[in-house]
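Inspection log for the structure reproduced underneath, given as structure tokens.
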């Protein structure tokens, strides 16, 4: 069994050793819930990594969005290069759910665009959980949504070993049951091809490796791994396991049983609708369901098959659907990052999904069983979650209640950095005073973040500062993903000095060069000026030893009082620690590499404008990547390996950029 092994030039420092020991003690004493209160820059990810290494338990880390999940994934992958670090988020680049608008009698078909790279990573995650224990899965809230049952998924795997008797026709049939497609021309993930005594399989969990099976009659002589692009043999395998090309693969007898159950439910529902004199709804439901049943009978699948998932998994009405949590071993560990956001998000998922589907069922677009194709209810998630460590700088009410108000604090930063000084100034002449503070900060070579309450004020302030010849930019939700990252990069490099926004704490702003955070109208109580929001915003200035925060307010609100008092408490603890240990605070010097993958795109002859257009249009991106794949394989078949390698690099750069920006 592989053990977790951290590969890093750093050792736990500051509050980290104490926090690691306390959390592990709690885990060993069977505490179900613990709270790790980690401030900005305290090394929460590294602390989690050390807890994982010392407990040596399979781990799921939940984040509240894809961007944060991707950041944690990249960090954990660099810390644990020898272990299985996996990424499990929604594989939709674009998703329009099936819905019906009663007021206008409008039915909207489900429309989606699947990201092949993320689909591959989801398969890799479930495979790792079934095959090994040294696994860390970083996931979004996608992990509480229905997935194929793990027992069926594992039951359908094909086990292969050299010397084994495995009739080739049976293997072909088994691969088709696993939803692999035969394609002797375009060899890609989820496909297989046959040539003479050889069969090539491109597993669903790989992007750059395939397997070649060589037969002598019905005997499997050998299996070797090869590069599907160049055909180069990589290594010989003593065994191979082929998992389904979908998490919803199932034996034919299970499909037949499901079809019978669907037919029974259809008849009951039709009788009910007719008894209510809903003849149009009954006719609509009958036509739609019979078409799906015909497709299931002939092909084993149909559009919207997930709406019948209850019958395929063998669950009863109302029972929770199988999710990623059922793939976790009993002794797994769960971290919930930014729990003050993640927990309410988990709580909200079920109700929003239920409301939409009830309308579809009521108006004859779906059978009532479609209601069981859903995310977990909060109470169900509570039951399924293993030992949990909530992680946040601003814990929510649920986490504090679960842990009895006991928190393990990460307040001392390894760099010795202090929480920023907070200054409260009158809001009456806030813009005039802000300009004076901006000039002082710019003179020291640092950057400024300004947060406003409204979009109009942000726009007006940006224009005003630009008229005064300050290098200012307004960061808002309509900015394209590529442009947003370039703006942040320009801010760090000094091309921009001032960034204005409404909710900067939500934008993932992490700028070591930030010397001033200005919060305008800080005394206007509400979501954007709550205690949690203020503490999170104040934390944006905690990456620089000269960072400070100015709150413009004409009155002291409860939120300001609590946020400033908490920041001062932490600052005093940090100052005492630094004085005791002779530590001088050092600004974090982090390399500017956010656009690395995008620069690789440009190096491969894809201009900036084209990259921006592609990354913000999933359909165009997929079409362009499909075109690149075809050109790549064509170049390889013509033995033009240099050209094929260039195309492969461009394709990989696009995939990585899309992942980072998703």
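Glycine residues also receive a Cβ, built from the backbone N, Cα and C atoms like all the rest.
Per Swiss-Prot, domain 'Helicase ATP-binding' is recorded for 25-414.
For 38, 39, 40, 41, 42, 43, 44, 45, the entry in Swiss-Prot reads ATP binding site. Long-range Cβ proximity for residue 41 (ATP binding site), meaning a same-chain Cβ under 8 A and a gap of 6 or more residues, is found for 413, 415, 417, 539, 542, 543, 588.
Sequence annotations record features per position, and here Swiss-Prot assigns motif 'Beta-hairpin' to 91-114. Remote same-chain partners of the motif 'Beta-hairpin' (91-114), defined as residues 6 or more beyond its termini with a Cβ less than 8 Å from a stretch Cβ, comprise 122, 303-304, 356, 359-360, 363, 365-366, 618-619, 621-622, 658, 662.
Sequence annotations record features per position, and here Swiss-Prot assigns domain 'Helicase C-terminal' to 430-592.
According to Swiss-Prot, the feature domain 'UVR' maps to 622-657. Confidence for the domain 'UVR' (622-657), expressed as mean pLDDT, is 72.
All chains included, 25 other C-beta atoms sit within 10 angstroms of the C-beta of residue 38 (ATP binding site).
When the binding-site residues 42, 45 are compared by the number of other CB atoms within 10 angstroms of each CB, 45 has the fewest. When Cβ atoms from all protein chains are considered, those within 10 Å of residue 39 (ATP binding site) total 26, not counting its own. Helix, strand and coil residue tallies for the motif 'Beta-hairpin' (91-114), in that order: 0 helix, 15 strand, 9 coil [DSSP]. All chains included, 19 other C-beta atoms sit within 10 angstroms of the C-beta of residue 40 (ATP binding site). Take the mean position of the Cβ atoms of 38, 39, 40, 41, 42, 43, 44, 45, the recorded ATP site; other residues of that chain with a Cβ within 8 Å of it are 47, 393, 410, 413.
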